[in-house]
Amino acid sequence: MQLLTIGINHHTAPVALRERVAFPLEQIKPALSTFKSVFLGHPAPNAPEAAILSTCNRTELYCATNDRAARDAAIRWMSDYHRIPADELAPHVYALPQSEAVRHAFRVASGLDSMVLGETQILGQMKNAVRTASEAGSLGTYLNQLFQRTFAVAKEVRGTTEIGAQSVSMAAAAVRLAQRIFEQVAQQRVLFIGAGEMIELCATHFAAQGPRELVVANRTAERGAKLAERFGGRAMPLADLPARMHEFDIIVSCTASTLPIIGLGAVERAVKARRHRPIFMVDLAVPRDIEPEVGKLKDVFLYTVDDLGAIVREGNASRQAAVAQAEAIIETRVQNFMQWLDARSIVPVIRHMHTQADALRRAEVERARKMLARGDDPDAVLDALSQALTNKLIHGPTSALNRANGADRDSLIDLMRGFYQHAPRSSDTSDR
């Protein structure tokens, strides 16, 4: 079985492409079914295992399959599923086989591949991806083991290194950018659109600045109100956004919508109503919540998740010692996992050996029963049974020895000596 990871991330593709390749949560299970259908007709042991990880910064397909053409098939499937021309997608896609796939999974879960070095959110996202794949019935022995090892490695890295210390989060970066536009965030009205984990983090950082007003707009009114109350703010219906957008100086949006919820026309009207006072907007969603054309307006300062990444990277350089320590841990764990994977590769051989040996045993036992039934001497029958089993079980190894030549024969003799502990060493044999 071969492990393979296919994906794009913030290192290889801009947000404009990442949002087109993203999988909304409700689409992941159906997508896994369509991916497995690519391999329809394969016998059950060869059917692929698969899991999809889709976040703001990456979309990745983890799979385990015996299909030699899996790499090309997976890339073609991703291209077809999202209706993106293959020649447009391919330059941004990475395909990582075997140990590279294992190393990548370990690095991602440990926060080493994140835009925010050492961030913990990705670990929860990966666990959710595994849970979804499990519910979809697309996990098996290999990916289950990979992800269990992945979570253990992430725990070890975070527990024994300072990889997450003093990190500049996306939320903190948003506040820093806002302070470049508005000298005092405390004098501004702030609107958060959405009520998920990222918005909660942003609200925490902005609330610490003591803004003039903090408002949360969310599709689920109850959840929005609960978040607003936590930070001493208030909630408003998302449907009121077009009519009230002009009231806010800072707007931070991160929803799970598959289409933009803030269009160019609505922002143009808001700017006009504000008499061209600036609006600072942060779009942390992938796919984006705010139409990119909004960024061209004169009095609007629009930043995406990629723009915030530049600020985040400034804080990453100071933790290179922790990175080196984490990479060393990961490399050791990759080797351990590959040893397990190599050991798994001989399981079918061992199973076949047991099946063959058991078939021989059954045949000889049946023959012995017939001999006893016709009145043959029991001692003679037992002797014949043992002789027949011995001859048939060593027939394969002795035939291989007789066919081998030169160095191959010497290696095979040493190998057989390991099987049969009391065999003489090859150097002690006078006649080969």
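One-based numbering along the chain as shown.
Positions of Cβ are set from backbone N, Cα and C atoms, glycine also.
The annotation active site, nucleophile is assigned in Swiss-Prot to C56 on the grounds of sequence analysis. For T55, C56, N57, R58, S114, E119, T120, Q121, Q125, the entry in Swiss-Prot reads substrate binding site, with the evidence type sequence analysis. Residues or ranges marked as NADP(+) binding site by Swiss-Prot: G194, A195, G196, E197, M198, I199. The annotation site 'Important for activity' is assigned in Swiss-Prot to H104.
A Cα-Cα distance of 11 Å separates T55 (substrate binding site) from M198 (NADP(+) binding site).
Rounded to a whole number, the C-alpha distance linking M198 (NADP(+) binding site) with the residue listed as 'active site, nucleophile' is 10 angstrom. For the recorded NADP(+) site, residues G194, A195, G196, E197, M198, I199 set the reference point as the centre of their Cβ atoms, and the other residues of that chain within 8 Å of it by Cβ are F192, E200, L201, C202, C254, T255. For E197 (NADP(+) binding site), the nearest neighbour among the recorded positions C56, H104, S114, judged by Cα separation, is C56. Taking the mean position of the Cβ atoms of T55, C56, N57, R58, S114, E119, T120, Q121, Q125 as the substrate site, the remaining same-chain residues with a Cβ inside 8 Å of that point are M115, V116, I122.
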